[in-house]
Amino acid sequence: MMLLLILLQISVWGATGADTGGEETVCTSNACFTFHIEGVSFDDARIKCVDNGGYLVTTKDKAEEAELQSILTQIDVRNRNLDYKCWIGLQLHKGDCIITGLSLRGFKWISGSETSQYSNWEKEPRSTCTEERCVLVYYSLSGRNDLKWTDGSCKEKAFYACKFYFKGMCKPLLLAGGEQVNYKLPFSANPLNEDNNLTAFPFGTYAEIRCNGNDHFSICKLTDGVYGWTIPGPFCATDKQSCGYKNGGCDHVCFDSDAGGIRCGCKDGYVLGQDRVSCDLKEYCHSSPCQYQCVTGPTGFSCVCPSGFQLDKDQFGCIDVDECQMNACDGNHCVNTQGSYTCKCNKGYRMVEGKCHDIDECTETRCPQICLNSEGSFSCHCIAGFTVSEDGHTCIDIDECLSNRCEDKCTNTIGSFMCSCHQHFRLHPNGITCIRDVTVVSTVETSNVYRDNDQHDETIDTITISKQNHWNELVYA
């Protein structure tokens with residue numbers, strides 16, 4: 001349902017011309033917004049909103065985004081098409097990481113629920129786990145319907161908007177035209193006079209009225225289920241209320257009475273409210289055939305269904321929506337239920353914030369040496385000297401000696417192998433082939449002339465080949 005927005009502009013400028021900024025106020029049927037035309041950091045914006053009893057505006061869904069869009073559009077008209085950036089209450093805290101698989105990318109709303117499924121990123125946020133980042137929306141004449149999100153340093157300077165929720169609203173006081181009025185809103189230190197453009201005031205508004213030298217006051221409060229002023233006015237007893245001044249306070253039609261005072265009336269399709277000045281839509285839903293909910297409109301009624309249901313062909317009943325036919329689970333297993341659905345993640349995925357996200361099995365020590373994660377799965381790999389076993393999850397040693405890697409003797413080791421040569425030979429620097437060592441042969445033959453020949457045959461040169469460390473060890477025996 002479209003919200004009626006009421007705009008009020010309040011300009012507040014420093015006496016010395018300092019950039020104290022301006023304040024714009026917009027109210028809907030149950031909330032008010034203040035837009036501050038001053039550049040402040042994210043934390044300053046948040047604190048200013050909280051100190052006044054509100055919170056930094058959010059755009060958690062299309063409805064909130066449309067609400068902010070309507071406010072900025074009206075301010076744009078009043079301020080000659082300004083281009084500016086504005087903070088929204090979305091922040092990445094220091095120590096939290098950017099997560100590309102989530103709609104908010106790891107950012108959290110600073111008020112209400114921290115998460116939402118809706119997002120409107122202009123571009124992917126900068127990847128970080130150590131930096132505090134905050135989100136801005138940009139408004140310009142050329143792109144006024146976008147309000148795309150952009151992350152930036154929380155210390156940047158930008159405009160900001162605060163939102164204030166209220167139980168209800170009161171119509172303006174009934175004035176005869178001679179009163180001087182100051183309205184004090186609960187969230188603003190700037191009083192408004194009787195010439196303001198607001199057509200509703202939030203619950204708790206305090207009004208000071210001066211008439212013929214006498215002071216009066218009135219408060220917007222709830223009485224017998226109706227929001228109204230404790231003293232509705234008019235306040236100047238010598239002046240008669242007239243339709244000529246602000247339509248007598250009537251919503252639609254005002255009639256002057258011959259006996260003095262006024263009488264309010266309403267257009268077709270509306271009825272006069274309990275306060276005798278406001279006009280409400282005529283109640284068409286009293287005996288409607290709607291199965292779930294009836295909504296009154298200017299010319300009749302319409303039926304609506306709860307989330308997860310849609311109107312039947314007769315436009316009165318509600319039938320279930322099969323979300324599984326709309327690929328609600330993004331290819332994972334979907335089970336339709338009445339008014340909802342349930343997603344069951346495929347193997348290799350887990351449920352996060354209602355959606356299936358890939359499990360990084362490599363963080364769970366699934367592989368003994370090297371692990372590579374993939375979408376919905378993972379694979380194990382081994383370092384040199386090892387090969388993946390048939391189960392795909394372990395590494396076994398490769399026996400290099402089976403492939404005749406050495407020219408003479410070969411000894412397999414864990415993850416490597418060792419080449420060696422018989423007596424009077426030594427390993428070539430390549431660690432594989434054997435070459436005759438004349439020096440060693442001469443020395444051995446001179447000092448061991450009486451030794452048994454078999455003993456000479458057992459003497460060898462040895463070198464170890466290690467793929468990991470690339471070192472050679474020469475051993476004489």
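Don't overthink the numbers, they just go from 1 along the chain as shown.
Cβ coordinates are placed from backbone N, Cα and C, and glycine is handled just like the others.
All annotation found in TrEMBL is predicted automatically rather than curated by experts.
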Next item on the list: State the disulphide partner of CYS324 as given in TrEMBL, choosing from CYS318, CYS334, CYS343.
Entry: CYS334
Check: Same-chain residues six or more away whose CB lies under 8 A from the CB of CYS324 (disulfide bond)?
Finding: CYS334, VAL335, ASN336, TYR341
Check: Which residue counts does DSSP yield for the domain 'C-type lectin' (28-163) in the helix, strand and coil classes, in that order?
Finding: 27 helix, 42 strand, 67 coil
